[in-house]
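Dropping a structure here in structure tokens format, bear with me for questions.
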């Protein structure tokens, strides 16, 4: 193997392992966030059974579905995030070579910043093309509030993918893809762009204390997450449409979804579950720092 191939493989492995660990740790928070986001578009959750907020959701899930249901859909999330994060981190460096070749970060700050934004956004959008059906399945499995057996909409990852494919074809597995690309570019641009720019401005980036790295990463993930959150809410709502027919279809398209959420639920609805998303972001920040630490020893 060439040095470039070895470097790419190390990036792939380090990013994937870091993501798998952090996502499993924050899976319960992720499920609460998803339920709050999509409950208005769920056929299983009637108006009188909707969750009132994070605490209500955390208390009711183990009572109604069992403690292990906090990790419902987590396998799909880990499978999805191994290639997603690994491809993001790996492609990020490849895109950086394209957008930042020959740029001096000290004398060309704004050119350096723009290059980081572009490389982060392009990396996120590229990886999303490959793993979107897994992202879709993860959302639908987490939104499934049936206790067991016949009450469940899907038996697992494979069952979810097969049922939606039979019902709606490949289009059903990519429902909400366009708004996802918009959101992922905004999120990744901030996630990688600001993080790398901030680290690049430190006196000695290679030997930055892990606490400083974590603080930078935590701020970046919180800001990036809130900025792109409305896009995430719309895409999750669109994902809930797949498999529906006739009058069960709530939104005719992405623009209709934006309009109806704003009209029927108000602007705050776009940010339902956002606080749990900030908490979940601690896992994302941890993954970013863990990736840097793993690379020091590889």
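For all residues, glycine too, the Cβ spot is worked out from N, Cα and C.
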Given 223-228, 229-234, 235-240, 241-246, which one carries Swiss-Prot's motif 'Nucleotide carrier signature motif' label?
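Within the set 223-228, 229-234, 235-240, 241-246, Swiss-Prot attaches motif 'Nucleotide carrier signature motif' to 235-240.
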Are residue 109 and residue 201 on one side of the membrane according to Swiss-Prot?
yes
Could you name the stretch, out of 8-37, 75-99, 179-199, 211-231, with the greatest number of CB pairs under 8 A to the transmembrane segment (110-130)?
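Ranked by Cβ pairs under 8 Å, first place goes to 179-199.
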Roughly where does the topological domain 'Mitochondrial matrix' (131-178) sit in mean pLDDT, to the nearest integer?
90
Between residue 235 (ADP binding site) and residue 2 (N-acetylthreonine), how many Å separate their Cα atoms?
40
Tell me the Cα distance separating residue 105 (N6-succinyllysine) from residue 2 (N-acetylthreonine), rounded to the nearest angstrom.
29
Have a look at the modified residues 23, 52, 96 and say which one has the shortest Cα distance to residue 166 (N6-acetyllysine).
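That would be 23, nearest by Cα distance.
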